[in-house]
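The Zn(2+) 1 binding site annotation in Swiss-Prot covers H100, E102. Here Swiss-Prot flags H107 as Zn(2+) 2 binding site, drawing on similarity to another entry. According to Swiss-Prot, the feature Zn(2+) 3 binding site maps to H154. Residues annotated as domain 'sHSP' in Swiss-Prot, with sequence analysis given as evidence: 52-162. Per Swiss-Prot, O-linked glycosylation site is recorded for S162, and the stated evidence type is similarity to another entry. Residues annotated as N-acetylmethionine in Swiss-Prot: M1. The deamidated glutamine annotation in Swiss-Prot covers Q6, Q50, Q90. Summarising the annotation, Swiss-Prot assigns phosphoserine to S45, S122. Positions annotated as N6-acetyllysine by Swiss-Prot: K70, K99. Here Swiss-Prot flags N101, N123 as deamidated asparagine. Taken from Swiss-Prot, the feature region 'Required for complex formation with BFSP1 and BFSP2' applies to 1-63, supported by similarity to another entry. Summarising the annotation, Swiss-Prot assigns region 'Disordered' to 144-173.
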Amino acid sequence: MDIAIQHPWFKRALGPFYPSRLFDQFFGEGLFEYDLLPFLSSTISPYYRQSLFRTVLDSGISEVRSDRDKFVIFLDVKHFSPEDLTVKVQEDFVEIHGKHNERQDDHGYISREFHRRYRLPSNVDQSALSCSLSADGMLTFSGPKIPSGVDAGHSERAIPVSREEKPSSAPSS
């Protein structure tokens, strides 16, 4: 008896019960048929594979990095300007909110809104937090870490979003 073995790389496109990009951070960009009916791809043929081109190149998912020296969040917000974004720190959390009112695009009228909340490590220096938006729409929130035993100064405050004219140096997914 022959059994078809699929490489794990294909599982995202082929898995009938694998979550689609429906709940990813695409901020109102269109959906594909397989986002609504993912089981169809596996019923056609076990070897049928949907295109991953857009998913790989334009995932829109945030990335959080925390190493020994710093804490960084990368978030794709290409449909928002700095005026549409609010970044604030409350206790041990950073909250990023984006909203733009209804405006016309190529397909009609659209409005977008998102809210993300991330827990800050306890040793991040909250007085030195910064946030910038690159020319290609990548929001970078970062803060240095301090040695243990030093007070990190937890308070509520807004972090201004500065605009950079160069593209982001964030890794592409």
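For all residues, glycine too, the Cβ spot is worked out from N, Cα and C.
Ranked by Cα separation from K99 (N6-acetyllysine), the recorded positions Q90, S122, N123, S162 are led by S162.
Cα of S122 (phosphoserine) to Cα of H100 (Zn(2+) 1 binding site): a span of 32 Å. Broken down by DSSP into helix, strand and coil, the domain 'sHSP' (52-162) contains 11 helix, 60 strand, 40 coil. Comparing the recorded positions K70, K99, H100, H107 on other C-beta atoms within 10 angstroms of each C-beta gives the minimum for H107. Mean pLDDT for the region 'Required for complex formation with BFSP1 and BFSP2' (1-63) in the predicted structure: 52. Cβ-based neighbour count (10 Å, all protein chains) for S122 (phosphoserine) stands at 11.
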